[in-house]
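S.K.: Input: one structure, supplied below.
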Amino acid sequence: MKKLAILGATGSIGDSTLSVCRSNPELYQITLLAASSSVDKMLALCREFTPLYVSMSSEISAKKLRGLLKRNNLSCHVLDDEQRLLELLASDHVDSVMAAIVGAAGLKTTLAAVDAGKEVFLANKEALVMSGALFIDAVKKSGAKLWPVDSEHNAIYQALSPKLQNTIGACDLSGEGVSKILLTGSGGPFLEKPLAEFAAITPAQAVKHPNWSMGKKISIDSATMMNKGLEYIEARWLFNANKEQLQIIIHPQSVIHSMVQYKDGSVIAQMGNPNMRIPIAYVLGGEQRIESGTDFLDFFAAPDFSFTAPDFDRYPCLKLAIDACFEGQQSTTILNAANEIAVEAFLNQTIKFTQISQLVERVLNQHESAAIESVEHLLEIDTEARLSASEIIKRDYLC
């Protein structure tokens, strides 16, 4: 039985991971759960899974959880120190790590697991978007086993040969007969909405994805298609793809999760209902297929498939991400940081929906390119970009 750490345990991916673990209790012992501040939810998880360790990034939440655990006669060790969490991830208490902390906040923990040579289930796309070559170099150096969890990258992975699956980050796509990776996206809730109405879009409208049940941040990213842009960058690094080997296709039904086109004209697609428990079950099962607890795809009830090219006037964030992808790690780090600030501001109704892309572009244009030498350097750039975005909001974009 493997020892599993779940980072982002109280979020959407954490929920789905724990659901799959419930269906397959013989596979994993959950030894570490990490979250930000959801004390009541974490208490319930401690009751059910009895992890050895719990990490809360909020000191106040950690203190509250300690008191509740004591009152309930539960003996989990509660941490509120990031360094201790990083040490635990590298220890013998952990074999496998579900890296599902949203945003740049998950970079250090994900890299700690990689550096320690752990089996890493990568659900935090921002970590790879920011660190790119540094991340892949760390995987190669440590020998960590990297499994893509995002439904699209998981679909691509399943459609590749075993040789390519075993060379994540250094794939020779052309040498193995791959012509192109076809990355699908639904187009979000505003695929048909008139562009003239975009400025009036509310957070409540934007978080209602037509097919997927997700957290607020990723739902907004799906509405702007920044999420697909981040996935484009992630695919570039995971599969060592060049610009000619990556294509984004709008597929509103979200049944085909991505495809791989081969040189002989064949296209291999991975399909299934839009439920994250399916790719999570795939990575948790490793070499075997396991129960995900989801319904099978009903081909007789499934909608007709449709495909179209993305409209960059409708999705300017997608264009910004594609352009940043091959400009270097500084650009992708700034893109991600500025977007996180912009999405938070939109959710707080401080800026308009249309100002998300405007803000990201302005922050990108403020910074000159520079060579990235370390993760610490990346985090400095990340901080600078966040400050720039916040200053622009205060100065120019208050609704």
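Note: Cβ is positioned from N, Cα and C throughout, glycine not excepted.
Just lifted these from Swiss-Prot, have a look:
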type: BINDING; residues: Thr10, Gly11, Ser12, Ile13, Asn124, Glu126, Gly215; note: NADPH binding site
type: BINDING; residues: Lys125, Ser151, Glu152, Ser186, His209, Ser222, Asn227, Lys228, Glu231; note: 1-deoxy-D-xylulose 5-phosphate binding site
type: BINDING; residues: Asp150, Glu152, Glu231; note: Mn(2+) binding site
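Situate these features within the shown structure.
M.R.: Under DSSP, Gly11 (NADPH binding site) is assigned to coil, being neither helix nor strand in the three-state scheme. Neighbour list (Gly11 (NADPH binding site), Cβ cut-off 8 Å, at least 6 residues apart, same chain): Ala35, Ala100, Ile101, Val102, Gly215.
Around His209 (1-deoxy-D-xylulose 5-phosphate binding site), the same-chain residues at least 6 positions away in sequence with a Cβ under 8 Å from its Cβ are Ser186, Gly188, Pro189, Ser219, Ser222, Ala223. According to DSSP, His209 (1-deoxy-D-xylulose 5-phosphate binding site) is assigned to coil rather than to any helix or strand.
For Glu231 (1-deoxy-D-xylulose 5-phosphate binding site), the same-chain residues that are 6 or more apart in sequence and have a Cβ closer than 8 Å to its Cβ are Lys125, Asp150, Glu152, His153, Leu183, Gly185.
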S.K.: May I ask for the distance between Glu126 (NADPH binding site) and Asn227 (1-deoxy-D-xylulose 5-phosphate binding site), taken between their Cα atoms and rounded to an integer number of Å?
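M.R.: About 10 Å separates the two Cα atoms.
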S.K.: Using DSSP with the three-state reduction, classify Asn124 (NADPH binding site) as helix, strand or coil.
M.R.: coil
S.K.: Looking only at C-alpha atoms, tell me how far Ile13 (NADPH binding site) is from Asn227 (1-deoxy-D-xylulose 5-phosphate binding site), rounded to the nearest Å.
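M.R.: Checking the Cα atoms of Ile13 (NADPH binding site) and Asn227 (1-deoxy-D-xylulose 5-phosphate binding site) gives a distance of 15 Å.
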S.K.: Measure from the Cβ of Asp150 (Mn(2+) binding site) and count the other Cβ atoms within 10 Å, all protein chains considered.
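M.R.: Within a 10 Å radius of the Cβ of Asp150 (Mn(2+) binding site) lie 25 other Cβ atoms.
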S.K.: CA-CA, which of the binding-site residues Thr10, Ser12, Asn124 lies nearest Asn227 (1-deoxy-D-xylulose 5-phosphate binding site)?
M.R.: Asn124
